[in-house]
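Going by Swiss-Prot, these are the annotated features:
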- ILE88, GLU89, SER90, HIS229, GLU230: substrate binding site (BINDING)
- SER90, LYS91, ARG258, GLY259: NADPH binding site (BINDING)
- CYS190: active site, thioimide intermediate (ACT_SITE)
- ASP197: active site, proton donor (ACT_SITE)
Amino acid sequence: MSSYANHQALAGLTLGKSTDYRDTYDASLLQGVPRSLNRDPLGLKADNLPFHGTDIWTLYELSWLNAKGLPQVAVGHVELEYTSVNLIESKSFKLYLNSFNQTRFNNWDEVRQTLERDLSTCAQGKVSVALYRLDELEGQPIGHFNGTCIDDQDITIDNYEFTTDYLENATSGEKVVEETLVSHLLKSNCLITHQPDWGSIQIQYRGRQIDREKLLRYLVSFRHHNEFHEQCVERIFNDLLRFCQPEKLSVYARYTRRGGLDINPWRSNSDFVPSTTRLVRQ
């Protein structure tokens, strides 16, 4: 369990509690979680972070009424900057989106601007929002992570408790390699409810070669670990940077959706550009 699981900053969250579902607009439903809760124990300081990146959200259950009362539906794409003070707590995001359901807006741009304003206020950081009509996305192919999948290894695993021990001496040789490794076996658990979070992860790096068995064992050790998606990605980035010391590193995870939302955080210290196409489990 994370050291800050019972932190007072989490006490007021609706996550894990019985809640009422409102269908008229209410920005106060949004709740933020300080990024510092995870970053402080990792020694990460807001003014000297070793990465950049965003939290990419896809909104699949977004609906409101137009000025004449006709329901509208859209798929939303949200990007929250890594520099924001808070991350957005996902259940509160779902409840907030539900509050649009019986609310009239004059046009689509008013909806987009409202989302952008409220999310920016909650996160205390930069947020961008794009809305897509369904016919704009119909026929969009299922994406995949480019890279070499490390999952099909004939190894025995009997420990599922998080540890960085597997990354000790995980690099070999002096030759510098540049490769992209992929695993679909990432599974962690919600910090509050301990419900499972399922994801695929892409690790792109340049440096001494990382032992794939040790890397896979490390990733599997998240199986009983309780943290939010964004926190897991930053922990993985920080651990790889610390133990493997690559010249360049990018870590990108795409998680399956829950409550009509999926969260896809990435962190990088290079010119990494994430693919935003949904994966087969999304």
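All residue numbers here begin at 1 and follow the chain in the order shown.
Here the Cβ of each residue, glycine as well, is placed from N, Cα and C on the backbone.
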For HIS229 (substrate binding site), the one of LYS91, CYS190, ARG258, GLY259 that lies nearest, given that the recorded positions are compared by Cα: CYS190
Neighbouring recorded positions, C-alpha within 10 angstroms of ARG258 (NADPH binding site) - of GLU89, SER90, CYS190, ASP197, GLU230: SER90, ASP197
Rounded distance in angstrom between the Cα atoms of the residue listed as 'active site, thioimide intermediate' and ILE88 (substrate binding site): 14
Secondary structure at ILE88 (substrate binding site), reduced by DSSP to three states: strand
Mapped DSSP class for the residue listed as 'active site, proton donor', helix or strand or coil: strand
Candidates ILE88, GLU89, SER90 (binding-site residues) - the one closest to GLY259 (NADPH binding site) by CA: SER90
Site extent for NADPH (largest Cα pair distance over SER90, LYS91, ARG258, GLY259, Å): 9
Mapped DSSP class for GLU230 (substrate binding site), helix or strand or coil: helix
Rounded Cα-Cα span from GLU230 (substrate binding site) to LYS91 (NADPH binding site), Å: 15
Substrate site span - longest C-alpha distance across ILE88, GLU89, SER90, HIS229, GLU230, in Å: 11
Cα separation, ASP197 (active site, proton donor) to GLU230 (substrate binding site) (Å, whole number): 12
